[in-house]
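> The transmembrane segment annotation in TrEMBL covers B:6-26, B:38-57, B:63-81, B:93-111, B:158-176, B:197-215, B:221-238, B:245-263, B:275-297.
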Amino acid sequence: MALPELAAENGARLDDPARETSPFAIRGLTVSYGGAPAVFSVDMTVVPGSMTAIIGPNGAGKSTLLKAALGVIPRLSGRVSVLGQPLESQRRRIAYVPQRASVDWDFPTLVLDVVLMGLYRELGLLRRVRRAHLDKARDCLARVGMQDFADRQIGQLSGGQQQRVFLARALAQEAELYLLDEPFAGVDAATEKAIIDVLKSLKAEQRTVVCVHHDLSTVTDYFDRVFLLNKSRIAEGPVAQAFTAETLQSAYGGRLATAQIDQLSLG
Amino acid sequence: MSGAEFVPLSLPPILIASFAAVACALPGNFLVLRKQAMIGDAISHVALPGIVVAFLLTGAVSTWPMMLGAAGAAVVAVLLIQFVHRVGRIDPGASMGVVFTAMFAGGVLLLEQSDTSSVHLDVQHALYGNLESLIWLDAFGWESLLDPVALAGLPPELLRMAVVLVLVTGFIRLFWRPLKLSTFDEGFARTLGMRTDLLGLALVVTAAVAAVAAFDAVGSIIVIAMFICPPAAARLMTNALERQIAWSCLFAVLAAVLGYVLAGYGPLWLGAPDAVSAAGMIATVSGVILALAALFGPCRHRLGQPKGA
């Protein structure tokens, strides 16, 4: 266990300037759930201020990549850096929005409480919740159009509303990098519009956004960069270069009909 | 009933049962929400090998080493459950079942093989405790509560249970935010750098300490009932965790007091000659409270839109 890690440290690519400036750089990430790797030796270099979509077929390891990079699930190998520093020391720069279905919405708590969880770093174990904290949490709810739901029990929300509450919690973290796992999965059209507006406003504030995304038809509208994954990295770059019929064919194999790719009207 | 009768005979058992009930119900709230409620059952089983090992090491039947042994066994059990779950790739519930039955069986073998025949460790005591025998012979009435000499004669279980209750309350208060956050959304908690694995272990150890102390004083039936019934009933009364905790404490005390009184006097009221087991009655009352909450609690229908929305 110690030896390969040591070797990886010694062999750190010093000639890797992109890694030094990237708000989120993954090197050699491998994850296994006890069989064949779910994610194999993935490198990813997120460009500052970009909006990146992680796309790939079902079971390609998109969510796994994100969760393992953030330490939510264990990884076999790999390093993650934020602006050239190890992730562990830079967590305050990162906000994460998990998949909506990953939590039990029957949990006894109110919408505003969930948003306040985004202020955990400020509040710590025992600091009192002050008016300023409540105001900030309400502002974040307003940014996703959920200000009228602050005192609702979370189990009473629709799927789209739950997703917006999760986004509000991430906004409360005031991070530089936003990592979202399938934020548009199973939400209504109004929620999708609300979420993409917020994400674009984050980009306008020079913040960086990375989404695990499944809807190929909206990639060119929503994102400026893509990362194609199928267990290992297939392509990474600006949408115009990395989101092509060839790369899609390579990532999705036979699972994507040629007609579907044609419909995307790629350049 | 006069103070002269109530204070020495009924007050200590009622207080001990109430403290034990609340000490188990508090961590029980989180265990139920984390779907780990059966851990209480597991802990009360693995306490046996822990107690036997503590006895073999110290050679004496004294409470603190045995409680430490039981708590240590609980930690070993929790780690083993994780290990069997990961390495054996079986689901957590089954892993728990394997570990606690195996450890309990190991405890029985140890007990048989070692020279513990002189030690009084019987099954009935383990199940029902000895609540009725925890009396305060030095008391003569309410005024004894202010008499230092009489207070020195209080059953040691009372002080022990009070200390454990303070420890459990302190743990929940101090780690309230991380406990709530990681119970609701463990993945998010981990991205904040929170050591959710250690926190989960600390919660189980706290529950184990409460369980072992309560187990010694009032038996395992109350422990298992109090981990689950008051929190589950409280969840049906409110949709806010803070209020759920308050309801669960209220239900725990209600079950302890009502159960004790009903066990002592209920049969007499019905014309039967003898009192029944207080521990059994307390656990039964907690079950009745849960049944009533399930039938009439205001927050029974939760998921989906509220009525009229």
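Note that Cβ sites are derived from N, Cα and C of the backbone, with glycine treated the same way.
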> Hey, which of B:6-26, B:38-57, B:63-81, B:197-215, B:221-238 has the most Cβ-Cβ pairs under 8 Å against the transmembrane segment (B:245-263)?
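Between the candidates B:6-26, B:38-57, B:63-81, B:197-215, B:221-238, the best contact partner of the transmembrane segment (B:245-263) is B:6-26.
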> Would you mind listing the long-range same-chain contacts of the transmembrane segment (B:93-111), meaning Cβ under 8 Å and 6+ residues beyond its ends?
38-39, 41-42, 45-46, 48-53, 56, 73, 76-77, 80-82, 84-85, 121
> The transmembrane segment (B:63-81): which same-chain residues, six or more beyond its ends, come within Cβ distance under 8 Å?
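Contacts of the transmembrane segment (B:63-81) (Cβ under 8 Å, skipping residues fewer than 6 from its ends): 39, 42-43, 46-47, 49-55, 57, 92, 95-96, 99-100, 103, 156, 160, 201, 204-205, 208-209, 211-213, 215-216.
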> Taking B:6-26, B:197-215, B:275-297 as candidates, which has the most Cβ pairs under 8 Å with the transmembrane segment (B:38-57)?
B:197-215
> Can you tell me which parts of the same chain pack against the transmembrane segment (B:275-297), counting only residues 6+ beyond its ends and a CB-CB cutoff under 8 A?
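Same-chain residues near the transmembrane segment (B:275-297) but 6 or more away: 13, 17, 21, 127-129, 131-132, 218-219, 221-222, 224-226, 228-230, 232-234, 236-237, 251-252, 254-256, 258-260, 262-268.
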> By Cβ distance under 8 Å, which residues at least 6 away from the ends of the transmembrane segment (B:6-26) in the same chain are close to it?
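40, 131-132, 134-142, 144-145, 154-155, 157-158, 161-162, 164-165, 168-169, 172, 207, 210-211, 213-214, 217-218, 222-223, 226-227, 230-231, 245, 248-249, 251-253, 255-257, 259-260, 264, 278-279, 282, 286.
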